[in-house]
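Per TrEMBL, domain 'CN hydrolase' is recorded for 277-525. Sequence annotations record features per position, and here TrEMBL assigns transmembrane segment to 39-55, 61-78, 85-104, 116-140, 152-177, 197-222, 243-261, 538-555.
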Amino acid sequence: MKGLKEKRMVKRDIKTVANEYHKASKIGGQTQVKRSSSLWLRMAAMIILGAMMPLSFSPFGYGFFAPILLALWLLLILSESAKRAFWLSLLFGISFFTVGVWWIRISLLEFGGAPLPLGILLTFLLALYLGLYYAFLGYLMRKIPLALPLRLGVIFPLMGVLLEFVRSQLLTGFPWLSLGYTLTDYPLAEWLFPQMGALMASFWIYWSAALLLLLLLSLPIFRSVNALLKDGSKKSWQRYSPSLFMAGVLVFLIGGAGLFLNDKISPKGAPLKVALIQGNIAQELKFSEAQYYEILATYFQLTAEVAPNVDLIIWPETAVPALYEQEVALGETLRKLSQEEKTTVMTGIFSGQGSVIRNSVVAYSDQLRSRDQRYDKVHLVPFGEFLPFRSLLDLLSGMIEIPFSDLSAGRTRQAPFIIKHEDAGEAVTTQLSTFICYEAVFGDELRYLGEQSDFLVNVSNDAWFGDSIGPWQHFQITRARAIELQREMVRATNNGITALIGRNGSVRAMLPQFEQGVLEVEVVPYSGITAYSRIGDFFWLLILWGVGGLAVLLFRRRLG
């Protein structure tokens, strides 16, 4: 009897254990399903948040979206493992840049002749490369063993701006959609950009996102998240102390830079009367030999309307799709026009001979050819004006039409143009500097222009990107250069956006896109050099990291 009872007890125990395992497996399965569904929801959220980031930039102009979206991105990755934070952040970055630079496919497909799959693949690969910067940032935010207030308030903005800087340098650089540009339409840009530049001003977007998230985490609804993240701050005010300390020191330093390194920016002499010619030549016809003389006729007709009334006439980038050295007759005609109408004509044109061809701007203002002034583009467009890693990518050049893949770069720090004109019967001399199209993206390379220029000229051809958001993003970037250097700027383009930009980045006059026209404006020359023109990006990067390192040393022990 005793043995029978023992057998029954063993059977019951086995049954009980089996039931418990059965229940546990159900609960475990439900947990796994919940975790799986939670991951899919986070992935979807990453795609949505990333896709909304371009709304912070032109033409939409919702700059305040940037810190909000970054704060939500951080909130979703901070409770994940470092590995998962990397992949989720990569998804965020890919979505951001796929939507933000989708217009590149227009030049690849419509004008480059790339097959549809290849055009889509190349656009995706660019977005993937750019997305890796956010993936790395997300990974670091989970991996660095510091208390949350230090990671968010100090490390996040420091690493964010460092990665923006690396992106502006690596592989010839592509700082497109750097977060500092979201400030361009706000008064804060008028204070920040002349001191530290638009790229370094990205720091404040990352910093604002971090502060916003710290405020969110202080709400009762996020108490469980706080416990999970091991905040480290014993009192509520401590969570903000590192970020506020760093911000306070930086505001003091930026104010000091403005006080001691900024010259007084003031008008210099009489305004110049300038005419900007927008030819609106279709991109597919622009480099056609059969259309060459018709293109020139268009520019001469538009020029004839204003030639007697202005001091300077500007045609856009590669308005003359020929070599300066070979177009002797054209040069003579433009010099004669300049002499008779007492004006200067600047035009985009190619220059060089043999295998050395450059994208240039030439100014005709005298009967003597030897007195023509020229600027050669320095920072060329990869895959557009030159083919990097040519030995590896020759196959690609056979699959896509890259019309100017062998252009040569000009030398750095070229001399300004000297424009002679009259004011109330007296001879006046004004200095201007020009830069071409894509060069507008590299503020640190152009900062020396503030030392030698009374105003700025940008020529461009954004017809490559059709009726998309690309030209508007480019225009916003160009406006930031005017604010950094505190110079008025005229911008002449093939089909838009042709405009006069004030030294505060405001658009003072503009032609409609995709229309032929002439924009007559008065440009005020200015003197004085900004702090950013003197010291540039790298110096500010060192300052930011120096202040950040001090904040970590001061608060690490207090926050645990």
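A Cβ is built for glycine as well, from the same backbone N, Cα and C atoms used for every other residue.
In TrEMBL, annotation is done automatically, which means it is predicted and not curated.
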Any contact, the transmembrane segment (85-104) to the transmembrane segment (152-177), with at least 3 Cβ pairs under 8 A: yes
Long-range environment of the transmembrane segment (116-140) - Cβ separation under 8 angstroms, sequence gap at least 6: 73, 77, 82-83, 85-98, 101-102, 104-105, 108-109, 155-156, 159-160, 163-164, 166-167, 174, 399-400
Distal contacts, the transmembrane segment (538-555) - CB-CB under 8 A, six or more residues away: 146, 149-150, 153-155, 157-158, 161-162, 165, 196-197, 200, 203, 241-242, 245-246, 249-250, 253, 444
